[in-house]
Each structure stands twice: as C-alpha cells, then as structure tokens.
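Peer 1: For reference, the structure I am asking about is given below.
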Amino acid sequence: MERSRTAVVYDAESGDDHERQGTVWTATSHIVAAVVGSGVLALAWTVAQLGWVVGPLVLLGFSCVTYYTSALLADCYRYPDPVDGAVNREYIDAVRCYLGRKNVLLCGCAQYVNLWGTLVGYTITASTSMIAVKRVNCFHREGFGAGDCNPSGSTYMVVFGLFQLLLSQLPSLHNIAWLSVVAVATSFGYSFISLGLCAAKWASHGDVRGTLAGAAVDAPREKAFNVLLALGNIAFSYTFADVLIEIQDTLRAPPAENKTMKRASFYGLGMTTVFYLLLGCTGYAAFGNDAPGNILTGYAFYEPFWLVDIANICVIVHLIGAYQVFAQPIFARLESCVACRWPDAKFINATYYVRVPCLRSSGSSPPTTVAVAPLKLVLRTILIMFTTLVAMLLPFFNAVLGLIGALGFWPLSVYFPVSMHVARLKIRRGELRWWMLQAMSFVCLLISVAASIGSVQDIVHNLKAAAPFKTSD
C-alpha cells in the first residue's frame, strides 16, 4: 500500500520547514470551531426580528455568500498559481501578493479592528454569563423575581480582564494550544445545551409561535433598526475569512490545498448552517416574538438551574480561551511595531528572570524561573485594560455583536476575496463576470453599512436608556 504523502513547505525568508498533515476533516473541524461561537446565543432573537420567511432565507443567503467568497479566497493561498505557486501563510500576505502594498494597510486595519472588536464583545458576553450564573442560583434559592439577584456587570468584566492579563503573559499562541482545545469543546457544549433547552420549551407548550413578518413594534423606525441589527448578528455568526488562510496552511498535498479547502468550507458551512437553522427556528418556535437577545442570559431559562449554570460556565471557559486566540495576533503586531521603532532601547529588548519559590517540581529542586519582558507586560496590560474599559462603557450584547459582524463582514469576507479573484484571473473591467462580482460586493457593502447603522443606533438608544437622569425642560 502506498504511504500518504505529507506536504512540507519551506519558507525561504525564515528558513523554516513547515510540515502539514491536515485533511479535509481536520479543516472542517477548524472551520466549525471558528464559526460556531457566542453568536449562536442571539440566533433566536435574530430570527424573531426577521420572521419565519425572511429569517431562514437570510441565514441561507449569508451561508451561500460566505461559501462562495471562501472558495475564491482558497485559490489565493498560493501565488500566482493556486496549485504550484508560492505559499501565502497569512491573509495579509495574500493581499500583498495579489493587490499590492497599498491595500495591505486597509486589510491590516480591517483585520485588527475586527480582532479588537471581538475582544470587546467577548468581555461583554463573558460578564453577562457570569451574571446569569449568579442570578439563576439566586432565583433558585430566593425565588423568581428576588430583588437582590441582579448584580452589576462591571465587577465581572474587571475579573475577566484580570484573568486575561495573567494568560496574556504566556510567550506565544503555541503555549495556549490546550486552552484552544478546551474552548472548542465548551463552545459545542453550550450550543447544544441551548438547542436542547429551546426544544424542551417548545415541547412544553406544543405551539409554533412567531409570525411570518417577525416581531411587531409600535414604531416602524424601531422595526427597521432591529432588522438591521439582526443582519449584523448573522454576519458576525458566519465570519471566518480572517483565519481561512491559516487553516489552509495546515493541509497536506496532494490533493491541491485549494480543492481540499473548498470541500472543507462546504462541509463546515453546511453543518454550521443546519445547526443555525435548528437553533434559530427552534428558539423562535419556543418563544415567538418574545425571544430574548441572549438565549442563556435573557430571562429565558432558570430551571433546571444546574444545566443553565453548566451552559453559562461553558460560555465563560470558551471565551477565556477564544479571547487569547484573537488577542495574540494583536499583541505580536504591537510588540513588533514598537521593537522596529526603537530597536536599541533597553526597556524594549530586556528580559528579566524571576524566581518563584512556590513553584518547584520537587521539594529539593530549585525554584522555577519565570521570564518577564517589560515591553510585553506594559503593552498587553494597556490593551486589555482599554478593552475592558470600552466593554464597561458599552455593555450591550446584541448591539456590539452586530457592529463587529457588520464591520468585518464586507472587507474581509467579500471585498478582498473578490478583488484578489479579479486580479488573479485578470478579469477586465466591464466584462459580465466583473459586473456580477462587483454587484455582489456592492450589495454586501450596503448590508454591512445598514447593519452598522442599526447597531450604532441600538448602542445610542441603550446609552440613553441607561443614563442616570434626563434633563428636564
């Protein structure tokens, strides 16, 4: 029997031999893990805003667009030929090769703003789940509606931020690989618990609640903004373009990486879409137009309290790991920029080794030595503190998720893949294919802009509602 061949990529610039053994199924699992996240908790509310007709159609539409543009992006993993060309290890490398350096700045801004916005969203979501654990247990002891069961979220955001400060001092992403595995497992845990709770709620009354047009509100303007916010939530739930190239970089060849990646994208997005439809539609059937913004924390479930607690704890553990996965690229970029700007500064290049007496492998062994880099300590502390502060100022789950999804969807999932596809195939301006691709990109741009408007309006509305007093005439 012929042994399977393992691809080995050589990076001439760094001299690094990079062995890749991934298959279509490992890539599929990476895609599902990247896509399925805290956005699933808002799906019932999202479908409730759009209704039984438009809601499922929009979920399917975003799935189709995401698959098509991910297939375009998969062909840009190598340059100039998608099968035999030089390898691009990161998204921004593909943009540099196909579109030139002038687009690298725009791509970098879109990527890192999206990554940082995700950190803000994760801080809000984690604190919301912490509050839900305390509230559910309080209601179980004191009875539903007890007045002292609604703690402030700011304290929990600070606790979450302090925990991230400790994790951020780990040397690199490789040192928290185990945390990523735990994060993936817990994300599936709370997703399936949410589906089970919604199914049980639906079975308890047996009616298919909701309407064809979705939730009705008194003002048409408010309905329009809720629909736009729902679109942003769906965009957030499907975005994974910023990690697609990195996932493709794990695949062995033959077969060609782009073909394997296209199959993996089809399987991964297909499974994700089926799950999204199940959870969104089951939640809408269970709650109707009163579906909560967060299915686990929005006063939807309190019993069995232990199961709701497990689901929320899974959310917290998942976001602890996911936060670091999204934060490490930002840390690396900031530290690289500072080191390039002041290459000879002692503070930047210094590393101190601190002995920790309480950490010993055995009683007679010397204390463990921990490396402390002042630059890393200061920069990462400032970033995490700033992120936590912004989350405390904008503690609105649905609105922040919608804004992150709206800002990241068009540039990363549509514009750059389409532009690189046009450049790779040398499609001339004015051709039918060019017009069709530009039309799709323009429609997605309009959706992103509209969803951003809806999200910002919801943030402003919530800020006004949360104001301690109103000025009287």
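Heads up, the Cβ atoms here are built off N, Cα and C, so glycines get one too.
Grabbed the feature section from TrEMBL, which reads as follows:
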- 21-457: domain 'Amino acid transporter transmembrane' (DOMAIN)
- 24-44: transmembrane segment (TRANSMEM)
- 50-69: transmembrane segment (TRANSMEM)
- 176-204: transmembrane segment (TRANSMEM)
- 266-285: transmembrane segment (TRANSMEM)
- 305-326: transmembrane segment (TRANSMEM)
- 377-397: transmembrane segment (TRANSMEM)
- 403-423: transmembrane segment (TRANSMEM)
- 435-454: transmembrane segment (TRANSMEM)
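Quick one: where do these features end up spatially?
Peer 2: Within its own chain, the transmembrane segment (24-44) is flanked in space by residues 121-122, 125, 184, 187-188, 190-191, 194, 198, 233, 236-240, 243-244, 247-248, 250-251, 260-261, 263-265, 267-269, 271-272, 275-276, 279-280, 282-284, 286-287, 291-297, 315, 318-319, 322, 397-398, 401, 405, which lie at least six positions past its ends and keep a Cβ under 8 Å from the stretch.
Residues 24, 27-32, 35-36, 40, 43-48, 52, 55-56, 59-60, 63, 66-67, 70, 191, 194-195, 198-199, 202, 207-210, 237-238, 291, 295 of the same chain lie 6 or more positions beyond the ends of the transmembrane segment (266-285) yet place their CB under 8 Å from a CB of it.
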Peer 1: Considering only Cβ pairs under 8 Å, which range in 305-326, 403-423, 435-454 makes the most contacts with the transmembrane segment (176-204)?
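Peer 2: It is 305-326, which has the most Cβ pairs under 8 Å.
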Peer 1: Residues of the same chain, at least six outside the transmembrane segment (377-397), with any C-beta under 8 angstroms of its C-beta?
Peer 2: 41-42, 116, 119-120, 123-125, 127-128, 153-154, 157-158, 160-161, 164-165, 168-169, 293-294, 297, 327, 330-331, 334-335, 338, 458-459, 462-463
Peer 1: Where among 50-69, 305-326, 435-454 do we find the most Cβ pairs under 8 Å to the transmembrane segment (403-423)?
Peer 2: 435-454
